[in-house]
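Residues or ranges marked as S-adenosyl-L-methionine binding site in TrEMBL: Q294, E344, N394. Sequence annotations record features per position, and here TrEMBL assigns active site, nucleophile to C422.
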Amino acid sequence: MRLHLTWPLLKQFVIIPNTCFSYSITSRCAVSTGCKPVKRRKERKPKLPADWHTLSWEERLADTVTPLWRMSYDEQLQWKQEQQYKILLEMTKQLSQDSTHPFSNDLRFPLLPIVASPVSDGYRNKSTFSVNRGVDGNPKTVGFYIGNGKSGNIVCVHGDHLLNMPSKHKMVARHYEDFLRLSPLKPCILFHEGGHWREITIRTNSASHTMVIVYFHPQTLMAEEISVHKAALVEYFTQGPGAVCQLDSLYFQETTMTRCSHEQSPYQLLHGQPHIFEEVLGFKFRISADSFFQVNRGAAEALYKTVAELNRACVGGTLLDVCCGTGAIGISLSPQMERVIGIELIEQAVEDAKFNAAVNKVHNCEFLSGKAEVVLPNLMTTLSSDGGLTAVVNPSRAGLHYRVVRALRNHPGIRRLVYISCKPDGEAIKNFQGLCCSSDYKRKITGEAFKPTVAIPVDMFPHTPHCELVLVFER
């Protein structure tokens, strides 16, 4: 589905789904934003079958990882449209508590029809498979968890049947499991219990080029000992049974932490090329081991087209791209703008963004590395609103730091802000309130308040309850 509506037409549509689906609720924790308290958000998911515990392990895993898999794709889209309406209605109620916004208990801005993913099956270009005890008790099982550590009932189940998983990822995961079972080293399930082999991340592009990152806990092994096992890993995937996977890049990261960046513990390239490349909307993008890139290429194109359409009224001027990743949004919108400034925390992603701009011969983009809450306030004092100033933010599920929200709110030149949220019923609600609440001089929120004017869901994650919500704020 492509969005062909121009801005004046967008304001004519209000979509209120009338189909109701049952859902269960789990609570989420909240973080401080410096505005009035907001009720904890609740995550909506379809109810599990009553006989869930009698189902096969494969069905239980599918219900855990892809809870909507039992619905047709059209039903999934309708369900998500309904959920987005409920989320936005709740947001409207929260904003109505502020006297600056005399909202009633109704949605007073358009919610347009959800933009479908061009591909609903096998769409993921990045997957991380865990290592743990399988159904048969083998601790060298590669798949996805059911259960939790607190209850001590974790079971690792193969993901071969999952609808969102491409065949290449399944193939690599199965061969990694085979390699682990040939290795004399134990898997690292709990750090304090020892073991070495950990999860594996698989990244692919539309040309089936494949990058693999293997995570390894060194424990007390010496560098010389680890090099032996790295060599065995390379041999397995280049000359042994794993050669069928045809890896283009094989990385290895030694770390004693659950997650860490390239700067904290470098990704070691054991075999192949350092990057893979993807094309989106005619632009070429370089992908590194730890760079953020949307997991669904086709839906990402639909998302960027939607953002570009929403930005038609602001053609020219400066685009501020916050949490820019490898620069995909800024570069794809660069033909519309005089200048694009991207801000990103991960240094390697910024290097990729700079490369992407250069390789695509885009000369009006610049990218800055650092925490947005540190970089942005200083940057805002240097930005001129001549020609127009528009902001696009695409944060993680944790949302934007309150200092970022404050800096955007307090700059009078920003008249339109496009917020892309992968979890609008989570911490992002605090950001929405920070953008729209009354001025608060005690907390240094002095700028004119924004108002939401249009919302469009984009289905980036078929078979799951999640989607991206593009929400436009204006003042």
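Placement of Cβ uses the backbone N, Cα and C atoms for every residue, glycine included.
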- [ ] For the recorded S-adenosyl-L-methionine site, enumerate neighbouring residues of the same chain (Cβ within 8 Å of the Cβ centroid of Q294, E344, N394, site residues themselves excluded), in sequence order.
- [x] F292, F293, C323, C324, G325, T326, A328, I329
- [ ] Quick one: give me the count of other CB atoms within 10 A of the CB of N394 (S-adenosyl-L-methionine binding site).
- [x] 23
Task: Distant-in-sequence Cβ neighbours of Q294 (S-adenosyl-L-methionine binding site), under 8 Å, six or more positions away - done: A300, L303, A328, M460
TODO: Check each residue in the chain of E344 (S-adenosyl-L-methionine binding site) that is at least six apart in sequence and keep those whose C-beta is under 8 Å from its C-beta; list them in sequence order.
DONE: C323, C324, G325, V350, A353, F367, L368, S369
- [ ] Report, in whole Å, the straight Cα-to-Cα distance of N394 (S-adenosyl-L-methionine binding site) from the residue listed as 'active site, nucleophile'.
- [x] 8
TODO: Count the Cβ atoms, other than its own, that fall within 10 Å of the Cβ of C422 (active site, nucleophile), considering every protein chain shown.
DONE: 17
